[in-house]
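Chemist: Straight out of TrEMBL:
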- 74, 115, 116, 117, 148, 149, 176, 334: thiamine diphosphate binding site (BINDING)
- 147, 176: Mg(2+) binding site (BINDING)
- 283-448: domain 'Transketolase-like pyrimidine-binding' (DOMAIN)
Ligand SMILES: Cc1ncc(C[n+]2csc(CCOP(=O)(O)OP(=O)(O)O)c2C)c(N)n1
Ligand SMILES: CC(=O)[C@@H](O)[C@H](O)COP(=O)(O)O
Ligand SMILES: [Mg+2]
């Protein structure tokens, strides 16, 4: 069979193919994804699982006129390759390259930008109702949503509304029984019963007034096409339940679906992962969190752990393995995770609620209304705080300082390193009179020998790390290690002092007053939004005590920072070591 993919520059080309050519295209597309992702990294498993579905959807529907939305969007690599981005797909997630998620500004085929889960049904319904209101009764609207994402509250809100609108939408439920980790919950059990034909209940989707079809084999291309053609002709809300295998077509990815969700570099022939360095290196912050939580929970039976569908990504998996009766994966349900933690705290437990900074944005009201207002001692561990890198603006955890420090009762902290993280976790579980948010970044810390005995620390206190008499640099979080490095690189004599402020709230005001007494020129540095962040807090305090100082804030400016390597993004945001160094050197 001659090569086909190289001649496909848009779905129009795809629609000229015969069934045999379509099947061959699926083979080529799958191989193309494996080839590129094996070298350039990215989300592999989900995209491999929807190769046939992607082809069937673009073959059957008149995209981009018909609207197609990919929920989360991590499975949209085939969609991007078939819609004119084949030649540049090797720039996927690279700085200056295409996004790893659908993005409206990137292509007319990307009907809606995604990245956070469970938004597709609401957006789709919005478009379907808009079409009708604008006199368009022929356009089709399709959302592809996974079995973990459809279990999230927002997806149910969309289904619940769609069910009474008679809107012309098709929800394709891509059921592979996996989130990043195995999907969880009663809906998972129900879908399993449906797939095994043992469901005794009424069909849940039909109860919501959806025309339900399936379950069908999501890798049977001719069957998918015939089913989609049939559904096109049916009015109103429809749901097609397809069964797929995450990682389909790469044996290693099918066998280890968690790792191959985003495997890093691997051998495109064998699937073998690239060997990581054997040299002793600092741990990932997530592992410091996960292993420390087990250490603490073994000695304190009030401790419980909660993760909204990120057991592996957050390393909550360590506690789930060691103490399964006290660690919960609640599914993609950040709002639920926060308020179940509140309920547990209200009843005397000590909940460690681990949520990626960006995903906590979805549970903001719960933090205020259910936790802070009632002053409940929930310990939020915000992983992926700061610029996260290749996942880009949908995933950067850069707003948490600003959106949390304005909430009464809630402490907000950002430890300098692994030791400080462990000591704050240890201190928090000794008993708090209110909630705390502990933020830390994606990736590795700076201390190889991090498993030191933990000790109680004074919550809210800052420390001087270097004496000086001319400029004071105040940093919060691990970005402070860049300051330590740059001060070792320049000959500043005794001119520059450096202070670590692990707590953004409460601010160490005594230390700040002392700094204001001794310095007229102050620099603040944070891996977070400048507006409302740590620097703003210092400036607010200076103004409140009528201190007239030069305060230069190094924080993320009022723009969305793109995707790319984190070091590149630090430069883009102006918070990299060189930017601070250049600023300081002009005063030496
Ligand atoms: C609000 C939100 N929480 C968590 C995540 C992290 N996340 C990305 S993919 C994923 C699992 C999605 O599973 P599913 O919807 O079944 O799709 P599949 O990967 O199986 O195709 C999760 C939890 C996210 N993107 N958005
Ligand atoms: C697609 C998605 O939202 C997750 O897979 C996210 O990309 C995980 O990020 P980490 O790789 O930082 O765990
Ligand atoms: Mg799934």
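Cβ from N, Cα, C; glycine included.
Please treat TrEMBL annotations as automatic predictions, because they have not gone through curation.
Have a look at these and tell me how they're positioned relative to everything else.
Modeler: Taking Cβ-Cβ distances under 8 Å and a sequence gap of 6 or more within the same chain, the neighbours of residue 148 (thiamine diphosphate binding site) are 117, 178, 179, 180, 183, 184, 309, 331, 332.
In three-state terms derived from DSSP, residue 176 (thiamine diphosphate binding site) belongs to neither a helical nor a strand segment and is classed as coil.
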Chemist: Across the domain 'Transketolase-like pyrimidine-binding' (283-448), what does the mean pLDDT come to, as a whole number?
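Modeler: Summarising the domain 'Transketolase-like pyrimidine-binding' (283-448) by its mean pLDDT gives 98.
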Chemist: By a simple count, how many Cβ atoms lie within 10 Å of the Cβ of residue 117 (thiamine diphosphate binding site), its own Cβ left out?
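Modeler: So the Cβ neighbour count for residue 117 (thiamine diphosphate binding site) comes to 26.
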